[in-house]
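Quick look at what TrEMBL annotates:
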| type | residues | note |
| --- | --- | --- |
| SIGNAL | 1-20 | signal peptide |
| DOMAIN | 23-212 | domain 'Albumin' |
| DISULFID | 80-90 | disulfide bond |
| DISULFID | 103-115 | disulfide bond |
| DISULFID | 114-125 | disulfide bond |
| DISULFID | 149-194 | disulfide bond |
| DOMAIN | 217-409 | domain 'Albumin' |
| DISULFID | 275-283 | disulfide bond |
| BINDING | 279 | Ca(2+) binding site |
| DISULFID | 390-399 | disulfide bond |
| DOMAIN | 410-607 | domain 'Albumin' |
| DISULFID | 422-468 | disulfide bond |
| DISULFID | 467-478 | disulfide bond |
| DISULFID | 491-507 | disulfide bond |
| DISULFID | 506-517 | disulfide bond |
| DISULFID | 544-589 | disulfide bond |
| DISULFID | 588-597 | disulfide bond |
């Protein structure tokens with residue numbers, strides 16, 4: 001199996017087959033037959049996508065098993081395309097045949113319950129088993145540079161077929177098009193670093209060290225975004241995802257008319273439905289069709305995507321998503337008062353509620369690229385609530401006007417929260433800003449482990465470094481849309497291992513209100529504080545280490561334990577305990593035998609700290 005050839009062909013292939021896709025969410029029984037799909041994609045492309053799907057469903061399976069299954073299912077598809085269209089097996093969709101194949105394997109007890117189910121229930125069961133948690137699958141380890149280049153030159157499996165397999169099973173929700181796009185970047189890295197491998201002046205290890213982040217960072221980001229999208233679809237439903245995409249597309253293409261934008265929104269949502277159901281064949285085809293439409297209609301959509309549309313197929317989507325919003329039409333008014341002042345709004349709201357609300361969201365979003373999509377959804381929900389109230393026969397004459405005041409208040413509060421947070425970040429910097437977040441979230445969510453609290457607050461701090469230096473027009477979309485990803489990750493964690501009733505209420509809330517809800521959480525009153533056991537606070541000579549990053553990590557773990565021990569700790573108490581710890585550390589690190597000093601002074605510090613905390 002020459003995976004390098006497969007990727008090259010996928011870069012060039014155009015999946016321009018006309019189809020009418022069924023749109024019942026995750027109803028895999030209504031998909032196109034395996035033979036028809038093989039004819040559309042051709043052998044190499046079909047085999048690559050089958051490999052990805054097997055690796056994502058059977059995350060614990062070996063590379064050899066995934067290759068063998070992909071080859072077997074490709075051989076079946078090949079026979080079906082040639083002469084087997086009347087064979088019942090040939091009419092089955094790929095997902096069904098794939099799951100049939102897995103269920104026929106021996107020694108796969110983890111799938112027993114799922115295999116006992118049928119049709120869509122079985123597919124949903126398999127989807128529920130996908131695990132993207134860090135540590136569930138050992139991370140992909142880049143092979144020794146010299147060995148990797150040797151394998152690359154001999155076309156052996158680690159480059160890039162094995163890479164596709166590893167990425168697929170570590171990121172089971174990642175779309176096939178993204179995996180193949182990353183594989184192209186991986187192949188480019190191998191080529192760039194290995195072409196001068198025989199040159200003694202060429203530092204192979206340095207080359208890999210420098211280029212690996214360019215491959216892996218976008219992979220992790222895309223995986224998180226795509227899992228987040230699938231979670232929105234599963235938890236909040238198709239209507240919520242449509243509203244989110246309507247706000248985003250209206251901002252990106254403000255010159256496009258309402259009909260065009262709603263067509264794009266439906267195409268995007270249908271694509272995500274196929275991708276989230278694990279149907280990577282339809283997923284790939286949907287994306288290609290969508291990109292074709294966007295790039296052939298640039299004149300009515302955007303002046304900012306011309307260069308994107310000139311890129312290869314797999315790079316085009318990422319480029320368009322990251323492209324700047326198009327300029328607003330010169331004659332676009334700054335307000336949408338016709339949705340408030342018009343005497344016929346209540347009649348339109350009663351007759352075509354959803355379309356009226358969609359048009360409001362479209363008109364408001366295209367006028368406000370400085371707002372986040374989540375905030376626009378909250379504004380849309382506020383408008384719906386306003387009409388429900390103001391269209392009652394008993395409503396006061398100034399009802400809608402009072403709604404406008406509430407809207408201004410919400411916008412001001414949201415912008416103020418983001419600005420205040422960024423001001424704190426700019427003043428304190430990464431480490432101390434993260435400590436502020438740790439103090440807050442360790443009180444709100446003490447049930448999270450220290451590693452989880454550090455991870456989530458580190459992600460929030462990274463958002464500060466990414467967004468807080470942007471202009472006022474770009475600040476809110478950057479901050480809230482990235483925070484939304486972190487909130488989504490916390491909610492998925494709560495779904496598998498419940499954190500607290502407060503977090504549960506926020507995660508069950510309307511999608512757009514989850515972030516403000518978590519921001520307003522107070523100290524978890526139901527949490528039972530940690531007991532002061534001998535192992536809770538330990539001090540050793542490794543506190544004198546020179547590696548600042550590792551020392552900061554240890555300090556943060558101690559901070560978390562301190563708050564878990566005393567959730568009601570005040571800032572004054574924390575400051576006093578921190579000062580006492582710093583003095584002890586400085587004293588012991590000056591001693592010849594620092595370990596002996598910590599053994600003696602550590603218990604004394606704990607006793608003094610207990611008194612400070614009980615004062």
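Using the three backbone atoms N, Cα and C, a Cβ is placed for every residue, glycine included.
Note: TrEMBL annotation is automatic and uncurated.
Mapped onto this structure are the features recorded in TrEMBL.
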| residue | record | Cβ within 10 Å |
| --- | --- | --- |
| 90 | disulfide bond | 21 |
| 103 | disulfide bond | 16 |
| 149 | disulfide bond | 23 |
| 275 | disulfide bond | 25 |
| 279 | Ca(2+) binding site | 26 |
| 390 | disulfide bond | 20 |
| 422 | disulfide bond | 19 |
| 478 | disulfide bond | 18 |
| 507 | disulfide bond | 22 |
| 544 | disulfide bond | 17 |
Spatial neighbour of residue 80 (disulfide bond) that is closest, considering only the disulfide-bonded residues 114, 399, 467, 507, 597 and their CA atoms: 114
Nearest of the disulfide-bonded residues (90, 149, 399) to residue 275 (disulfide bond) - Cα to Cα: 90
Pull out the disulfide-bonded residues from the set 103, 467, 506, 544 whose C-alpha sits within 10 Å of the C-alpha of residue 422 (disulfide bond). 467
For residue 478 (disulfide bond) and residue 468 (disulfide bond), the CA-to-CA distance in whole Å is 9
Alpha-carbon spacing, residue 390 (disulfide bond) to residue 588 (disulfide bond), which is rounded to whole Å: 69
Cβ density check for residue 125 (disulfide bond), other Cβ within 10 Å (all protein chains) comes to 16
Do any residues at least six apart in sequence from residue 506 (disulfide bond), in the same chain, have a Cβ closer than 8 Å to its Cβ, and if so which, in order? 487, 491, 514, 517, 518, 521
For residue 597 (disulfide bond), just count the other CB atoms lying within 10 A of its CB, please. 20
Could you list the residues of the same chain, at least six apart in sequence, whose Cβ is under 8 A from the Cβ of residue 468 (disulfide bond)? 421, 422, 425, 426, 475, 479
If you measure residue 589 (disulfide bond) to residue 597 (disulfide bond) at Cα, how many Å is it? 8
Among 283, 399, 588, 597, these being the disulfide-bonded residues, pick the one whose CA is nearest to that of residue 103 (disulfide bond). 283
Give the sequence-ordered list of residues that share a chain with residue 588 (disulfide bond), lie 6 or more positions from it, and have CB atoms under 8 Å from its CB. 539, 541, 543, 544, 594, 597, 598, 601
Min neighbour Cβ count (10 Å) across disulfide-bonded residues 283, 399 flags 399
Among 125, 194, 467, 507, i.e. the disulfide-bonded residues, the one with its Cα nearest that of residue 283 (disulfide bond) is 125
